[in-house]
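S.K.: Take a look at this one; I'll ask things after.
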Ligand SMILES: O=c1ccn([C@H]2C[C@H](O)[C@@H](CO)O2)c(=O)[nH]1
Ligand SMILES: [Zn+2]
């Protein structure tokens, strides 16, 4: 699955739309994510918070777990949207979870401004611990 400009746009749009379902009454920081798998399917997710704050789940992990639950095992790209003036990169926990299925995935962050970040998971999480380290 080649990541063309059209595929990027589709992924970014899906991430923006996914943020509309965000359940974030505590942080009031809605986030949307979209994941492109090797089969060409796009899975989306939003952050889902909890009154027990530590149980909050990020948009990226919601999207990845949705893909995994559908049987997908290879992530090609992740797009993240935050309604902020500057783009937001995935948190450390999400970087680790992306690594499991997409160690070289393209990671795109978009926002409400013109700012954007385009990088790869191996740049965000160098020398990652992954499945290969278990022998
Ligand atoms: O990349 C990020 C950063 C934060 N959050 C969520 C977690 C929490 O619900 C809120 C504030 O941290 O934003 C995400 O979903 N993705
Ligand atoms: Zn996260």
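Using the three backbone atoms N, Cα and C, a Cβ is placed for every residue, glycine included.
Curation does not apply to TrEMBL; its annotations are automatic.
Feature annotation from TrEMBL assigns active site, proton donor to 60. TrEMBL lists 47, 48, 49, 50, 51, 52, 53 with the feature substrate binding site. The annotation Zn(2+) binding site is assigned in TrEMBL to 58, 91, 94. The domain 'CMP/dCMP-type deaminase' annotation in TrEMBL covers 6-132.
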S.K.: Measure from the CA atom of residue 53 (substrate binding site) to the CA atom of residue 91 (Zn(2+) binding site) and give the result in Å, rounded to a whole number.
M.R.: 16
S.K.: Just give me the nearest neighbour of residue 58 (Zn(2+) binding site) among the binding-site residues 47, 48, 51, 52, Cα to Cα.
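M.R.: Going through 47, 48, 51, 52 one by one, the closest to residue 58 (Zn(2+) binding site) is 47.
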S.K.: Which recorded positions, if any, among 50, 53, 58, 60, 91, 94 have a Cβ under 6 Å from ligand 2, given in order along the chain?
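M.R.: The qualifying recorded positions are 58, 60, 91, 94.
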S.K.: Check the binding-site residues 51, 58, 94 for other C-beta atoms within 10 angstroms of each C-beta and report the one with the most.
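M.R.: Result for the most crowded candidate: 94.
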S.K.: Taking 10 A as the limit, how many CB atoms besides its own sit near the CB of residue 47 (substrate binding site)?
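M.R.: Other Cβ atoms found within 10 Å: 24.
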S.K.: Just going by other Cβ atoms within 10 Å, which of the binding-site residues 50, 52 has the emptiest spot?
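M.R.: Selected from the binding-site residues 50, 52 on minimum Cβ neighbours within 10 Å: 52.
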S.K.: Going through the binding-site residues 48, 49, 58, 91 in sequence order, which have a CB under 6 Å from an atom of ligand 1?
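M.R.: Checked binding-site residues vs ligand 1; flagged 49, 58, 91.
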S.K.: Could you give the Cα-Cα distance between residue 94 (Zn(2+) binding site) and residue 52 (substrate binding site), in whole Å?
M.R.: 19
S.K.: Judged by the number of other CB atoms within 10 angstroms, which among 48, 49, 53, 91 is the least packed of the binding-site residues?
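M.R.: The binding-site residues 48, 49, 53, 91 were compared, and 53 has the fewest Cβ atoms within 10 Å.
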S.K.: Under 8 Å Cβ-Cβ from residue 60 (active site, proton donor), six or more apart in the same chain: what's there?
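M.R.: The answer is 31, 33, 35, 45, 78, 80, 90, 91, 94, 97, 98.
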